[in-house]
């Protein structure tokens, strides 16, 4: 039986992760801690012999740099890299740039969690005149419509079809594929891989910088539901930290 591997790696801590701001499509960089997390992720891949033959990432530098740093640490810096906007983080609309704790205090827990974790409730749209808008960003010039806001359902609808068409066939063929992306684009994919309900996906948190490995057979069936973190203890602590965002 042919078995392929799918490695999911959320980018290391970004500048706005550190300052507790909604980031979305704003192209912020990694912090020094984020760079170290990305390196550690690559070292885990090398140490456990999970070596990708290709990497897919977004058009945002925090994911691109995470991929590059991790691949360098794993001695896989030479493999092909595919960048696509459909792996981008969820667009957080008018929340982009806002502090999470201040937003929670202003709008209340229920509205805050609906925007942040519900499956189908997008935040208010971002105006094209905002400094955080991507309306005139050249990397999205070929899109018919540049998103002004998204909910997780929107991310599923843009990313999962791309995954099925472009990435899944390689995994089914026995390749090991690395996806270096974002909290919500990876949540969208895990929802699909593990058949998580629209309600239950609200409870899923993806930690930064810790590889999550799925094994799939040639039919595309997941052989280890839920995946396997290469550092389970660090993953549990990291997921708890993500869940706590907005509380401080």
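Note: Cβ is positioned from N, Cα and C throughout, glycine not excepted.
Residues or ranges marked as active site, tele-phosphohistidine intermediate in Swiss-Prot (evidence: sequence analysis): 11. If you look up Swiss-Prot, you'll see 89 marked as active site, proton donor/acceptor, on the strength of sequence analysis. Taken from Swiss-Prot, the feature substrate binding site covers 10-17, 23-24, 62, 89-92, 100, 116-117, 183-184. What Swiss-Prot lists as site 'Transition state stabilizer' is 182, and the listing cites sequence analysis.
The sparsest Cβ neighbourhood within 10 Å, among the listed recorded positions (11, 90, 100), is found at 100. The binding-site residues listed here are 24, 183; among them, 24 has the most other Cβ atoms within 10 Å of its own Cβ. Ranked by how many other Cβ atoms sit within 10 Å of their Cβ, the recorded positions 10, 182 place 182 at the bottom. In terms of local Cβ density within 10 Å, 89 ranks first among the recorded positions 13, 16, 89.
For the pair residue 10 (substrate binding site) and residue 182 (site 'Transition state stabilizer'), the C-alpha distance works out to 5 angstrom. Among the recorded positions 11, 24, 89, 90, 100, the ones whose Cα sits within 10 Å of the Cα of residue 182 (site 'Transition state stabilizer') are 11, 24, 89, 90. Comparing residue 11 (active site, tele-phosphohistidine intermediate) with residue 183 (substrate binding site), their Cα atoms are 8 Å apart once rounded. Distance from the CA of residue 89 (active site, proton donor/acceptor) to the CA of residue 16 (substrate binding site) is 13 Å. A coil conformation is recorded for residue 182 (site 'Transition state stabilizer') in the three-state DSSP classification, outside any helix or strand.
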